[in-house]
Amino acid sequence: MHSDGRSVIKSIPLSNDTVARRINLMASDVEKTLYSMLKITEFSLKIDESTLPGNEALLLAYVRYILEGIMVEEMLFARPLVTDTKGESIYKVVENFFQEKEIPMNNSIACATDGAPAIVEVRWFSKGKCLSRFCSLFDTILEFLEEENPQLMQLVSAAKSDVAYLTDIFDKFNAMNLQLQGNLVTLVKCKTVVSSFIGKLTLFKQNIGRREFYQFPHLAGLQISDDDLLAYCEHLEVLKADMIKRFTDLLELEPPHWLIDPFCVDAATVPLYLQEELMDLQSDCEEKAHFTMMGYERFWIAIAGRNKFPNLWKVAKLLVLAFPTSYLVERGFSAVVQLLTKQRNRLDISQCGDLRLLLTDMKPDMNEIIDEHHAQVHPSH
């Protein structure tokens, strides 16, 4: 009678089928709640496909929508691509899903796919971390290679400054990527981060050209030849040109000034159909206090939750709701790989509830699940 409740629960034997069935019940309840919400609200969609270890193509979809003044991001579905990974096949899977769940497709105000304009890929930082570790162990590695492979040791030793430079530049990219990671990042935030980094590349090139290595600490203590210095400057220029080309659409994005700070814009300078609402907003002391406290992103989300200033929100929502990075789907595919372990390599990832519960922030309605279970076990006469 005085035993710890957790130990008692853990001692109750459950079969694998029982556990799987209960996981699927909870996942099904979460999905029912999500689909009901999407039937009556606008959302943006992010879809991406990847190949699983068994050479099977899997399509992941995420949605972003507003719920009670809060922006929510949830996995919409995981579905296999049976035929191929062409755009037409992907669209068919998405279309069939919306029809099956009776979700109006016109509720989707924006859709981003892998490689789409304004989508920033956010990869894990293994390369940067490996380089940093390699650089910190450089002398030890040379000692090891001197015994194992003297010729390779000479080549590695001659490339010490290259390793140091690459370590520093990967650290810079990692710092930028960290700003693009996480939930609820907007297109405006992405443009700010990417634009700043491109400007920094010019700054780095100028400083390195003057042998000022403040931003490159691993290079600072080394003797750098003029030829190596020229190569690094050229590489930085190539990086800048590549980023400008890669993110042209993002860099050309011009968010309206009133979106960033609606209280410091002359209402006469905005389109006619927005002027009255903007004037009403600027005259609302309560909303001004909310803006000061929240910042522009949370402020506009809260405005949508209160159903105020619909014309302003109609413009703002595309910049606030649209998915700017592939972070969520990358995290989703990482979770898929975790689930597809050797012990569970036959798991149908698109049908089981494990993936849903692993990635969702929604809570299943346990009372409803229990009531339904009792109704099935003890039907009324």
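Using the three backbone atoms N, Cα and C, a Cβ is placed for every residue, glycine included.
Automatic prediction, not curation, is the source of TrEMBL annotations.
Positions annotated as domain 'HAT C-terminal dimerisation' by TrEMBL: 273-348.
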Over the span of the domain 'HAT C-terminal dimerisation' (273-348), count residues by DSSP class, listing helix, strand and coil in order.
58 helix, 1 strand, 17 coil
Tell me, what is the mean pLDDT of the domain 'HAT C-terminal dimerisation' (273-348)?
85
